[in-house]
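Okay, so here's the structure we're looking at.
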Amino acid sequence: MEMNSLYIDGKAVDATSGETFVSINPANGEPIATLGQASSADVENAIESAKRGFAVWSAMTAVERSRILLKAVEILRARNNDLANLEVVDTGKPLQEAIEVDVASGADVIEYFAGLAPTLQGDQQPLSDTQFFYTRREPLGICAGIGAWNYPIQIAMWKSAPALAAGNAMIFKPSEETPLTALKLAEIFTEAGLPDGVFNVVQGDYRVGQMLTAHPDIAKVSFTGETGTGKAVMSDSAKTLKSVTMELGGKSPMIIFDDAKLDDAVSASMVANFYTQGEVCTNGTRVYVHESIYNDFIDQLKTRTEKLIIGNPMDMETQIGALISKEHLSKVLEAIELAKQSGATLLTGGYQVTDNGLANGNFVIPTVFTDCHDDMPHVQQEIFGPVMSVLKFTDEDDVIRRANDTQYGLAAGVFTQNLSRAHRVIHQMQAGICWVNTWGDSPAEMPVGGYKLSGVGRENGPETLLHYTQTKSILIELGDYASPYA
């Protein structure tokens with residue numbers, strides 16, 4: 001596939017660094033496209049373009065901006081299948097997921113913030129008969145979005161939607177593992193009427209990200225990725241006092257009580273570990289099951305997990321796709337071997353799939369370990385693959401303590417038919433995204449983000465729009481100025 005690498009000032013352009021990288025199809029190891037790494041000059045061009053675009057975009061009324069964003073939503077939905085197919089080739093995830101979720105959920109978020117944009121307003125308060133003040137919610141300026149490789153186009157839309165709705169410009173850097181669909185999103189924004197420069201795309205590795213996080217003309221950075229990189233991004237951003245949003249890693253607990261609907265609990269645990277072949281930051285990889293239903297749970301879990309279809313992601317029957325890269329495949333397989341050595345019981349899975357034409361891809365069979373303990377490496381560390389750890393519990397207070405005993409705090413879930421217990425337990429979970437009797441839903445209206453080392457700030461929901469604004473206070477004197485000097 002031939003394509004320009006960058007999108008700057010309303011058009012696709014080539015990078016000028018002379019360096020290139022190759023996007024690889026995770027399902028077969030074949031190259032998809034060769035792209036150019038952005039140079040410092042390219043990044044400067046993107047920033048200068050964004051300044052010009054911001055001047056035009058921020059001067060528009062919120063209703064005018066909303067109309068353009070809604071037009072982009074219309075185009076995105078019309079091209080859902082084409083975009084989903086490209087996303088599958090780039091990520092290795094099953095087409096049945098991408099065609100239903102990835103583009104659609106991102107378009108929903110743009111639509112949500114387009115509708116919310118005209119509600120941005122300030123306050124007014126009288127101070128005396130002759131004096132009052134009012135406030136304005138003003139855009140920050142140029143924002144940087146740095147995406148991850150598991151949901152490339154969805155993340156690009158989640159980050160650009162509130163930024164653009166509030167009147168900002170955005171420079172977006174997708175992961176170098178999945179660079180393709182962000183360029184398509186930029187084209188669609190332009191087609192919808194977005195002024196040139198308001199959404200630019202630069203490509204490359206961590207060096208390009210560092211150019212953005214260090215640049216004094218970038219007002220805010222929104223980053224999705226692993227916690228170690230997030231710390232570095234936040235540190236770089238602090239040098240110029242940038243606002244930051246960080247959506248980072250997790251090792252989330254799911255607690256299944258003895259009165260839970262067993263079928264639902266098993267279904268949710270499978271979704272929470274095997275959807276997108278386990279490459280989801282909110283995965284509920286620590287599944288705590290009450291001792292009285294433990295055997296029934298793992299019996300059903302084993303039977304149903306072994307029926308999952310792993311194969312060519314482009315086949316609509318496929319439920320488990322390919323991991324993003326050979327390097328990541330090796331990390332997941334290493335984590336599985338450590339789990340075996342730790343004393344956990346391998347219930348099912350535990351190996352790379354190489355038959356049925358999958359030998360050149362990065363396929364790992366859905367894997368479940370039982371008889372796990374909290375101090376085992378695979379229970380403590382984020383694996384980001386299709387690996388579930390099942391642990392027993394008997395006491396409510398004890399399982400709450402165990403569930404919270406982690407450096408992460410992204411998500412948590414509780415399964416019970418006791419409404420009082422559901423609220424009591426979920427209120428004690430140290431996590432930013434919590435579910436009761438379900439897992440994984442993330443509607444545009446709901447703020448999402450982490451506690452502890454899982455992040456800073458929120459994405460989606462009404463408060464996120466405010467994160468892309470700054471408050472200006474204006475005091476008005478209607479009478480004579482009272483000078484303290486004669």
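Each residue, glycine too, has its Cβ placed from N, Cα and C.
Copied from Swiss-Prot, the annotated features are:
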| type | residues | note |
| --- | --- | --- |
| ACT_SITE | LYS159 | active site, charge relay system |
| ACT_SITE | GLU247 | active site, proton acceptor |
| ACT_SITE | CYS281 | active site, nucleophile |
| ACT_SITE | GLU459 | active site, charge relay system |
| BINDING | SER23, ILE24, ASP90 | K(+) 1 binding site |
| BINDING | GLY147, ALA148, TRP149, LYS173, PRO174, SER175, GLU176, GLU226, THR227, GLY228, THR229, GLY249, CYS281, GLU382 | NAD(+) binding site |
| BINDING | LEU241, LYS452, GLY455 | K(+) 2 binding site |
| MOD_RES | CYS281 | cysteine sulfenic acid (-SOH) |
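For GLU247 (active site, proton acceptor), the nearest neighbour among the recorded positions SER23, GLU176, THR229, CYS281, LYS452, judged by Cα separation, is CYS281. Among the recorded positions PRO174, THR229, GLU459, the residue whose Cα lies closest in space to that of LEU241 (K(+) 2 binding site) is THR229.
The distance from the Cα of ASP90 (K(+) 1 binding site) to the Cα of TRP149 (NAD(+) binding site) comes to 9 Å. Around LYS159 (active site, charge relay system), the same-chain residues at least 6 positions away in sequence with a Cβ under 8 Å from its Cβ are CYS143, GLY145, GLY147, MET170, PHE172, SER222, THR224, GLU459. A sphere of 10 angstroms centred on the C-beta of GLU176 (NAD(+) binding site) encloses 18 other C-beta atoms. Among the residues the record lists as binding NAD(+), namely GLY147, ALA148, TRP149, LYS173, PRO174, SER175, GLU176, GLU226, THR227, GLY228, THR229, GLY249, CYS281, GLU382, the two farthest apart have Cα atoms separated by 24 Å. The secondary structure of GLU247 (active site, proton acceptor), as reduced to three states from DSSP, is extended strand. The two recorded residues, GLY455 (K(+) 2 binding site) and THR227 (NAD(+) binding site), show a Cα separation of 8 Å. Within the same chain, the residues at least 6 positions away from ILE24 (K(+) 1 binding site) whose Cβ sits under 8 Å from its Cβ are GLU30, PRO31, ILE32, SER325, listed in sequence order.
For LYS452 (K(+) 2 binding site), the nearest of the recorded positions by C-alpha distance turns out to be THR227; the candidates were GLU176, THR227, THR229, CYS281.
Restricting the recorded positions TRP149, GLU176, THR229, CYS281 to those with a CA within 10 Å of the CA of SER23 (K(+) 1 binding site) leaves GLU176, listed by sequence position. Using a 10 Å radius centred on the Cβ of GLU247 (active site, proton acceptor) and all shown protein chains, the other Cβ atoms total 27. Following the DSSP three-state reduction, the secondary structure of THR227 (NAD(+) binding site) is helix.
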